[in-house]
Amino acid sequence: MSVDISNFPNLALADTPVELRSLPFERLPLLCNELREYLLRSVSRSSGHLASGLGTVELTVALHYVYNTPFDRLVWDVGHQAYPHKILTGRRDRMQSIRQKDGLHPFPWRGESEYDVLSVGHSSTSIGAALGMAVAAESEGLGRKVVAVIGDGAITAGMAFEALNHAGDVHKDMLVVLNDNEMSISENVGALNNHLARIMSGKLYTTIREGGKKVLAGLPPVKELAKRAEEHLKGMVVPGTLFEELGFNYIGPIDGHDIEALVETLRNMRNLKDPQLLHVKTKKGKGYEPAEKDPIGYHGVPKFDPDECTLPKASGGKPSFSAIFGQWLCDMAAKDEKLVGITPAMREGSGLVKFSQQYPDRYFDVAIAEQHAVTFAAGLAIADKKPVVAIYSSFLQRAYDQVIHDVALQSLPVLFAIDRAGLVGADGPTHQGAFDISFLRTVPNMVVMTPSDENECRQMLYTGYQCNQPAAVRYPRGSGTGIEVQTEMQVLELGKGRIVRNGKGTAILAFGTLLQQARAAAEALDATLVDMRFVKPMDEALVLSLAASHDQFVTIEDNAIMGGAGSAVNELLMRNKQCKPVLNLGLPDRFVEQGTQEEIYALLGLDSTGIQASIEAWLQA
């Protein structure tokens with residue numbers, strides 16, 4: 001059920017940016033209040049990302065009010081903060097469907113709206129893409145403006161600084177808005193800074209500034225002295241020296257919840273030449289006290305009653321795989337003081353909270369820097385430490401060269417705990433863990449393990465930690481079967497699977513937690529069922545022995561079929577001249593859409609019913 005728009009009279013008049021720009025300026029504060037309340041009421045009914053969007057209401061309104069979107073291009077980074085943008089760009093009445101199957105995409109998505117100029121989901125891409133658009137805009141000569149909005153977390157990533165460096169070098173007209181909601185850069189926010197921002201973005205100041213640069217450019221000693229004096233004086237007021245050094249005109253910080261200051265400053269900056277950076281201070285969760293107090297807890301929320309000012313407590317059911325990993329990490333750290341835990345800004349999601357509290361000196365959150373996380377781990381391993389990198393499958397894609405060049409090439413003992421492998425559900429195609437088996441199994445020296453349940457996950461983490469070479473354990477989002485997890489840890493024999501059920505005719509080789517869904521098919525078909533455990537090294541002897549006693553194979557995995565574990569089985573059989581029919585079940589050759597995990601597994605035929613139906617249809621063909 002959607003939110004009744006009749007309770008929001010000003011928002012009702014701004015279904016699109018064109019309608020928004022027709023509103024008198026004086027009504028914008030009321031509009032912002034209604035937009036924030038509508039967002040809260042909508043997300044609380046649908047679930048989704050809340051705190052970030054609450055903090056960008058005024059900024060979103062100001063950007064669409066000043067810029068002629070969609071002709072002017074507005075590029076959002078990651079997209080957690082873009083819910084107000086979706087509401088104002090013709091999607092207000094569909095917000096209750098966000099992150100649901102066949103509903104609105106959780107992030108800006110090009111196929112969904114002409115206002116979404118860049119499909120996003122991973123961080124730190126906005127500036128690079130916006131620069132490309134700015135270069136194209138200059139060549140077309142139509143006066144098109146380009147704006148990138150990036151958070152203070154995302155801007156710490158290497159590729160964001162690569163783009164800033166390039167933008168400052170090519171001097172194209174573009175605006176980068178730094179949405180600073182963590183007080184990690186500066187706390188100098190208030191009336192004085194808002195006033196300074198208006199002055200510094202105004203025509204008079206800009207003319208004097210640029211004119212002065214041209215005059216001083218002909219006087220090298222004076223130019224250098226003036227530059228140093230400007231840096232010294234400016235550093236006393238604003239923290240923009242770094243951005244100025246990169247070639248940007250820095251303005252701010254200003255209050256990101258002062259709609260009047262935002263609109264006036266953006267109007268001034270819209271006409272400025274060369275790269276501009278506006279530093280905006282916002283409060284994550286703004287306007288909803290529980291979210292302001294706990295922005296991490298309210299970052300992504302389930303359905304809840306906002307009037308109760310509390311989120312529903314998670315049921316005390318089966319532990320998640322992330323929790324299994326977190327407990328293993330603490331247990332292992334107690335046994336081995338060489339253990340070091342590393343995460344690229346995913347402490348809560350990866351289950352590292354307890355470890356970070358118990359072992360703060362051995363815990364490193366390297367921020368959104370996946371490439372650095374892996375090479376940092378390599379350095380630790382060289383220095384006789386035992387690094388464990390906790391990372392989401394989709395984010396490990398960013399560090400593939402570092403996995404190969406910095407870890408595997410030197411066969412360093414780095415353990416990769418790969419969370420969110422397989423289908424993650426509501427976050428959609430940008431976050432599905434569809435490719436890690438494919439890109440890791442091709443890497444020499446790498447051990448790749450796929451636990452079928454929580455206990456295997458714990459034992460495989462221990463096995464990878466002890467194997468003295470690069471190793472990866474991949475496990476899905478959510479909980480497992482509820483099987484008892486053994487406290488005692490044991491090293492599994494590398495490359496050895498186990499037969500779960502003996503049958504005849506068909507051998508089903510399961511990689512990972514889809515073993516549970518394959519059980520019903522194995523029973524119905526009287527097939528042999530194998531928990532393969534290892535993608536690399538694979539249990540070749542077991543597969544070949546099954547080839548001698550079975551007529552056909554079925555492989556099952558929650559990874560892309562192309563290049564996945566099933567492909568490894570195919571290669572093994574062909575290499576040994578075992579020409580057996582093989583049905584490979586897994587993720588198709590497309591970017592898999594959003595929905596609940598259960599919905600998408602069923603859609604792809606990877607639930608119990610679908611697996612059995614696929615095998616039966618294949619056998620009868």
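Glycine too: its Cβ is placed from the backbone N, Cα and C atoms.
The feature thiamine diphosphate binding site is assigned by Swiss-Prot to His80, Gly121, His122, Ser123, Gly153, Ala154, Asn181, Tyr288, Glu370. Swiss-Prot lists Asp152, Asn181 with the feature Mg(2+) binding site, giving sequence analysis as the kind of evidence.
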Neighbour-count leader, CB within 10 A, binding-site residues: His80, His122: His80
Thiamine diphosphate site span - longest C-alpha distance across His80, Gly121, His122, Ser123, Gly153, Ala154, Asn181, Tyr288, Glu370, in Å: 32
Fewest-neighbour residue among binding-site residues, criterion Cβ within 10 Å, set Asp152, Glu370: Asp152
Whole-number Å value for how far His122 (thiamine diphosphate binding site) lies from Asp152 (Mg(2+) binding site) (Cα to Cα): 14
Cβ packing number for Asn181 (thiamine diphosphate binding site), 10 Å threshold: 22
Neighbour tally for Gly153 (thiamine diphosphate binding site), based on other Cβ positions within 10 Å of its Cβ: 19
Local backbone state of Glu370 (thiamine diphosphate binding site), from DSSP in three classes: helix
